[in-house]
Amino acid sequence: MKGIFLLLMLVMPQTHQAAESGNDDNSVFDLFELTGYNRKAGSRKPQGLHLVKGPDPSSPAYRIEDADLIPPLPEDKFQDLLDAIRADRGFILLATLRQAKKSRGALLSVERKDGGGHIFSLISNGRARTLDLSLSGERKQQVVSVEDAVLATGNWTNITLFVQEDRAQLYVGCNKMENAELDVPIQKIFTENLASTAHLRVAKGGVKDNFQGVLQNVRFVFGTTLEAILRNKGCLSMTNSVITLDNPVNGSSPAIRTNYIGHKTKDLQAVCGFSCDDLSKLFAEMKGLRTLVTTLKDQVTKETEKNELIAQIVTRTPGVCLHNGVLHKNRDEWTVDSCTECTCQNSATICRKVSCPLMPCTNATIPDGECCPRCWPSDSADDDWSPWSDWTPCSVTCGHGIQQRGRSCDSLNNPCEGSSVQTRSCQIQDCDKRFKQDGGWSHWSPWSSCSVTCGSGQITRIRLCNSPVPQLNGKQCEGEGRENKPCQKDPCPINGQWGPWSLWDTCTVTCGGGMQKRERLCNNPKPQYEGKDCIGEPTDSQICNKQDCPIDGCLSNPCFAGVKCTSFIDGSWKCGSCPPGYRGNGITCKDIDECKEVPDACFTLNGVHRCENTEPGYNCLPCPPRFTGTQPFGKGIEEAKANKQVCKPRNPCADGTHDCHKNARCIYLGHYSDPMFRCECRPGYAGNGIICGEDTDLDGWPNENLTCVDNATYHCLKDNCPNLPNSGQEDYDKDGMGDACDKDDDNDGILDDRDNCQFVYNPAQYDYDRDDVGDRCDNCPYNHNPDQADTDRNGEGDACSVDIDGDGILNERDNCAYVYNVDQKDTDKDGVGDQCDNCPLEHNPEQTDSDSDLIGDKCDNNQDIDEDGHQNNLDNCPYIPNANQADHDKDGKGDACDHDDDNDGVPDDKDNCRLVPNPDQTDTNGDGRGDACQYDFDDDSIPDAEDVCPENVEISTTDFRKFQMVPLDPKGTSQIDPNWVVRHQGKELVQTVNCDPGIAVGFDEFSAVDFSGTFFINTERDDDYAGFVFGYQSSSRFYVVMWKQITQTYWDTTPTVAQGYSGLSIKVVNSTSGPGEHLRNALWHTGNTPGQVRTLWHDPHQKGWKDFTAYRWHLTHRPKTGFIRVVMYEGKRVMADSGPIYDKTYAGGRLGLFVFSQEMVFFSDLKYECRDS
């Protein structure tokens, strides 16, 4: 056997390690390493311990100096350890230690975070020579001590502690200690949420219980067996006594597996090598072992042959007995021992005890080989003796003993022959040769037959507590001796039974004798599974209404058609209720007009109830074109009220019937529009909405050509400047490269930044008036006019035009030189015509307008009760906010407060063309919108599908070609105003210089509005503000969205310190001072400045804009509710989103663009849309 063990020692470590190499690293938890101590570079400096050399050179060893300073195991690692313990229902703990002599200390402990004591601790008690496991459950504490665990010797030793469920087994080195039993399973101590309430500490115990000495390789191990660990430690002789699943005495579970690689573990130690002599001896021993095994096999074969021979003899000779290995014939008698005789009777061995006679002598003895005592010849007659005394108690309490009794004789006067003592054998009871043993169950008996022959029953089996029978206070068997389980036979037959009789049916006649019937069903229960049918008849009948028939008053049909007539015995009659849809007494019934009495029974369109009355009843007309809904009909008021018609406008965007591209938004235009929806590519894409392609610069043109519908080019052609926004796609020289990115637009060899006619071929660069505009493109070549203003757009600049506005009146006699006004009306006689007078009724020739609200200071009172940007005396609806001041019938009353906007005599709530006069209300297709405004609601010649404000004739398309320049810091010697370059018919503006704060605000006014555009900084210089304004009412009152690249303090700290943070901001300006230094610094400042600016929202992520990067903003403003939301896209993704913000400071106003100290700002592909409807 020694040879086999040596061979296993050589082979097993290599195969074991090979199996382990593929495991994960959650099977071994090195407590020192998980706490943060190791010898790697960058690990923490040890606290409370000192690094020393241990017996394992591949792992660090630590001398414990102050266990209180050693940090606990991190909570997440402790939780992983708990999960492993609970999964395996136990653990294996390995530790190498050198403990101070006769000291007491904890190897590890789990202590409560709130200082409530220990939940688990492992303590080596050097004086008591024990290893103590202390456990604290919910209501119980237990201390389990493993005796003779001598660890505190001052020398190196190692321990292996195996805990499984409620059993614990300890090995000190290779020596197995006694097993210990826990009151509760270990997983009930290491609970699932223990890591949140307790710490695991190494070497930390209670008061004066900290470990004293050196520790190494303190590890919890999972995923292997105790046998594998002992084998790898060289403890081969112990492998048959470890706790395993196959050892039923220990009761452990099979949760521990057979691998042993884990959390950053070192390779397992292999068995030491062997010399050639050792191997020669090994094989010699194995040869000897083979000879021994062969001999044992021959002996077993011989014994088997003997047993077979005995079995044959017993079979051939009936009645024989086999006793103590000896075969006896029937009726043979033999002696077993000196006191037992046996007889064979028909294969049954019957033994009996020998009965011994009384011995009248004192020297009676039991000879060898005999059972009864004998007297020797020296005894004589009993003359002259006293009577015998009583027998003494038996000399033994069980088995064979003796009793004695005595008598007396006067030997001086009498011969006294005979013995004075008699002896006899005795046996109170047989000695109990049994031993204490617990009971064990026999095998289960076969299952009994089912307890029923049909239906549901049960079968039973039993077992007896006789394998073995419990004796000498041994434990009874645990569990039940009887077991039942259900059994199912074929369903039992069910005989049918009659159910209850039905009520008698109506008599066949009302008089004169008729018949009526009743029925019953064979269903209580119905026959099933070959059961018998019900006995008897299923029907019954009887005579009814035996009385004589009276005269029938209903024969003359006195009631209304369809009304029930009831006659009585005396000849009278009575009519029932009128049929549905009629009203009356039953004799006379009139049709009910449900359409009139239930005015909302059917859909009402433009004040017309689409209901038709019929006799009887009513029916609704089908829903109008572009509406969906039911077409109910019915009879009577109740049905008309309960089943009303609902017609809803069709919405392809909502019902999914649109054909927009997956990267496009479906925009619902209304059910009167044709088409009813528009597809618009999402930010980062461009196209016609049906097809969308990548759009890097977010200017609405794709990076590559798209295959749109035939002859469709808008937004389907490739972007001629794919990396620089140019929504107008201007290309003067038609070279395929847009002007925005073409360095020589006119191909005259002069680069644009030096070309005085950027779009006109002029290599000579002649410039007579020295205004930096070449003569070839100068609209006033002999007059200095660098701005090239041309009010009447006739090609002749204002600087050299004798009639700037083209109204036929020379400039020196024109009271509105820049506004077309043939009538030259001047109501206030101030020399400024009414068409351009900012106070047409107040004499103010200087035309001062301090707050840039287009109202001269002379007549500007800033009293605006509805906060819509129009002072009360100039507001066409002073008490109802209407920033757009729409008044389509020009009656001086705004549409918002006018009940007949087009003045055609039809009220707005019934007018099928609210903004276009059509007193005839002609609606050919019956869809609810009149022919006069079918596809152009405001009659501005722009179809609703293309109209940005389909309910405002004044606004049809996005256009910033005309705008008002508003400086916000107009004072100072070094004033630099913004320089705005307009492109793409007013849909793209570029601000080119580093300037003071200013706004380019358009003249269109809005209430509810959506405003979007592309933002692009085309320079690396500067890092300041740019953005846009909305709700503009004056230079002191507006909302502004402004964006800064980096956080920066404004250079001028007067009058206030202004700290501008990077990121997007939404602010409301309500300045008491107006444009100037106060407003300038307040705008720069991110935060609130009393009396100037209030910040509604600032991007919490403080993301600044990046150079040469396209962004797309989308503003939603609904003044009625105060809703404001700004979303900023970077490419396809949302970069910042303000979410819903509510502020009702201003009820609408104008839109514009904002800059503050930032040059080369591109505002491209600008779009605004009214959302008042």
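For all residues, glycine too, the Cβ spot is worked out from N, Cα and C.
Here Swiss-Prot flags 1-18 as signal peptide.
Here the domain 'EGF-like 2' (649-693) has, by DSSP, the following mix of helix, strand and coil residues: 4 helix, 16 strand, 25 coil. The domain 'EGF-like 2' annotation in Swiss-Prot covers 649-693 and is backed by sequence analysis.
Residues or ranges marked as repeat 'TSP type-3 1' by Swiss-Prot: 694-729. For the repeat 'TSP type-3 1' (694-729), DSSP puts the residue distribution at 0 helix, 1 strand, 35 coil.
The annotation repeat 'TSP type-3 2' is assigned in Swiss-Prot to 730-765. Sequence-distant contacts of the repeat 'TSP type-3 2' (730-765) (same chain, at least 6 residues past either end, Cβ-Cβ under 8 Å): 719-721, 723-724, 772-777, 983-984.
Secondary structure of the repeat 'TSP type-3 3' (766-788) per DSSP (helix as H, G, I; strand as E, B; remaining residues coil): 0 helix, 0 strand, 23 coil. Sequence annotations record features per position, and here Swiss-Prot assigns repeat 'TSP type-3 3' to 766-788.
For the repeat 'TSP type-3 4' (789-824), the model's pLDDT averages out at 94. The repeat 'TSP type-3 4' annotation in Swiss-Prot covers 789-824.
According to Swiss-Prot, the repeat 'TSP type-3 5' annotation covers 825-847.
What Swiss-Prot lists as repeat 'TSP type-3 6' is 848-885. Helix, strand and coil counts from DSSP across the repeat 'TSP type-3 6' (848-885) read 3 helix, 0 strand, 35 coil.
Marked as repeat 'TSP type-3 7' by Swiss-Prot: 886-921. For the repeat 'TSP type-3 7' (886-921), the list of distant contacts is 606-607, 875-877, 879-880, 928-933, 937-939, 951-954: same-chain residues at least six beyond its ends, Cβ to Cβ under 8 Å.
Sorting each residue of the repeat 'TSP type-3 8' (922-957) by its DSSP state yields 3 helix, 0 strand, 33 coil. Residues annotated as repeat 'TSP type-3 8' in Swiss-Prot: 922-957.
According to Swiss-Prot, the domain 'TSP C-terminal' annotation covers 961-1173.
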* **Positions on the same chain near the repeat 'TSP type-3 6' (848-885), where near means CB under 8 A and six or more residues out** => 837-839, 841-842, 892-897, 952, 954-955, 964, 966, 1005-1007, 1031-1037, 1074-1075, 1119-1120, 1144-1150, 1170, 1172
